[in-house]
Amino acid sequence: LDQWTLELRSVDLQSAGNNKGHHTQEMGVEQLILRRGQLFSLQLSFNRPCQPHSDHITFVAETGPEPSELLGTRAKFLLTQAGLGDIWKVSDFTVDSTFLQVSLFTPASAVIGHYTLKLEIAQSQGRSVTYPLGTFTLLFNPWSTEDDVYLPSEALLQEYVMRDYGFVYKGHEGFITSWPWNYGQFEKDILDICFEILNKSLYFLRNPAKDCSQRNDVVYVCRVVSAMINSNDDSGVLQGNWGEDYSRGISPLQWNGSVAILRQWSAQGGQPVKYGQCWVFASVMCTVMRCLGVPTRVVSNFHSAHNTDGNLTIDTYYDRNAEMLPTQKRDKVWNFHVWNECWMIRKDLPPGYNGWQVLDPTPQQTSSGLFCCGPASVKAIREGDVHLAYDTPFVFAEVNADEVIWLSEDGEAREILAHNTRSIGKEISTKMVGSDQRQDITRSYKYPEGSPEERSVFMKASRKMLGQERASSFLLDLLGSAAFKAQPAQLQLYLARAPVWGQDLLLTLHVRRVRDSAHPWGTIRLEVRFCAQALLHRGSTREPLWKQAVHLDLDFGKEIHWPLLLPYTNYRNKLTDEKLIRVSGIAKVEETGWSMLVLKDLSLEPPYLSIEVSKRAEVGKALKVHIALTNTLAVALSTCTMVLEGSGLINGQITEDLGTLKSGDTLQIQLDLYPSKAGPRQLQVLISSNEVKEIKGYRDIFVAAAAAP
């Protein structure tokens, strides 16, 4: 009898072929890594030819700590039971001697995660024998029309799921800088770390079985990830630090990519990595979501409102000396803020809000009790539908709030210097598909500034956020201050030459006398007081580093160009790592006592880093890299270190101490890399010193597959 009992002898999960068909071969071919809603095949070998209709063969797939069919974390399906619809099933099989080739289908609504696959063979007297077939990982599938993350464009899929490097846009709306970033979502062990992140979340710790059962829902998963990238509530990946003391960790400016951060977090058993700021949080979240199969991009919003009280206005205060004053209010205008967009269908919202959704892992305020933000539909933000989940009012304010600038005396606001309805939410940027260029996506967040649609959307959102009465009085304030007074002069600050760190800064004040109701024709006398302060990333400033006052007599129709010099010695040790300076001027009209404000933000340029590589790059062959840096500053750069990174080019990082680089000297570095993966790659180089924290450069490299022997 025994010789007729069907027994499993071996199994081939056909990982290489399956992974290629499921667009996961970049993660390797040793493990079976699948995307849901798609067929995969395996080959089983038995002790005798299988009789499909008399041998009762059942497959069992399980995930999570307490697999259950009710919760969707366990599936049981017969070899011969061809089911219809979006269910676990055997789609096809063929018997060839003692081999059984099987094609299995996972539903597009399946829970993502690590699965075990087993085979049950029924025997006589109702007994059965169970054989383990192996394990596989199941991910979201943006290639499947049935998946909630379906993205119908191969070019977009290559960019937003498959590309493992990109750019983060930083700086200031007037001078946007692009920072290369190594996402590295296909690096060894990153996939396991992504599931480790899910398993350390408070939701999992409270109820593991329920949490796993909700991992079929992309809205749920991305909310969990958004909370887990910061460590404000949980053992999340990164600890934020917006001070300037990074001695207990690594400055947010000194990361090149996500891989080192995720590996350090995992190696420390879930201790938060020090330190992150918004672009680090968003870039790490991009790595995790792309790894899990959700199309994701990193988005920068310049002049971004941080409006915690939901009143859609941010107040800023200056004193008579043009010094921007510190405020106890949490409401601020950040120079820039970085978040993510993930692509998905929103079945939890009315029709029309599918597509890109904002997710923001930077800890700013709580949402349902945890520090997370989103998903908020970009379409809902554009239309002012701030009642729709999740956290849409907060994101709406980030791109639409108004900025009111006050003149303050003796701790009290005396006079409105400006009411800017168009200054918040500028140059909203992301990397262009298939290119290193920046793409401006402001129009997807709001109608053109000043257009009838934009104002009507603003009022619609105001009514929902402030209530009918407060919204109406807000509009009257707005109208009152929009034409709040006709000024007798126009003031502008210009740069006389490019601002380079280590050199004196030259500016020009341009003043033009124009007609106004109080003094239509006569001469006016202006007292202009200037102040320069280091500008911090989150919108506040340090104490003044330079002050100056000028007196100007201005005849009607006349213009004055007044030079201003801000010496290097004034700002040398006063700037933050971002190297931003705000120059502000307040002009008092002696005849009326009214004041006018003029502002100019400066971003100081670091030295240029040059990276050259040999003509052809091939897997396994030496690739010559030549890096050069000339110190164009007036001072030496001390304690220089270099970090190189690039998925598929370097395993982990290469770090080198370079010592001191004197003023005017050039540093030359030559080294060989041995690429391990074919296709488009990016080499990221960071040189940092005590004087300038981040001199960054990158080089795109196309690596050819290894030549056939």
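Each Cβ is built from the backbone N, Cα and C atoms, and glycine gets one as well.
Feature annotations, courtesy of TrEMBL:
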ACT_SITE  C278  active site
ACT_SITE  H337  active site
ACT_SITE  D360  active site
BINDING   N400, D402, E449, E454  Ca(2+) binding site
DOMAIN    270-363  domain 'Transglutaminase-like'
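Counting only same-chain residues six or more apart in sequence, the Cβ atoms lying under 8 angstroms from the Cβ of E449 (Ca(2+) binding site) belong to T421, R422.
In this structure, E454 is the one among the recorded positions D360, E454 with the smallest number of other Cβ atoms inside 10 Å of its Cβ. D402 (Ca(2+) binding site) is 22 Å away from C278 (active site) when you measure Cα to Cα. Across the residues of the domain 'Transglutaminase-like' (270-363), the predicted structure has a mean pLDDT of 95. Residue pair E454 (Ca(2+) binding site) / H337 (active site) shows a Cα separation of 22 Å. Within 8 Å of the centroid defined by the CB atoms of N400, D402, E449, E454, the record's Ca(2+) site, lie the Cβ atoms of T421, R422, I424, G425, K446, G450, R455, F458, excluding the listed residues themselves.
Within 10 Å of the C-beta atom of C278 (active site) sit 27 other C-beta atoms, taking all shown protein chains into account. Taking all protein chains in view, 25 other C-beta atoms sit within 10 angstroms of the C-beta of N400 (Ca(2+) binding site). The Cβ of H337 (active site) lies under 8 Å from the Cβ of C278, S300, N301, S304, H306, T362, E398, each of which sits 6+ residues away along the same chain. Summarising the environment of D402 (Ca(2+) binding site), the number of other Cβ atoms within 10 Å of its Cβ, over all protein chains shown, is 23.
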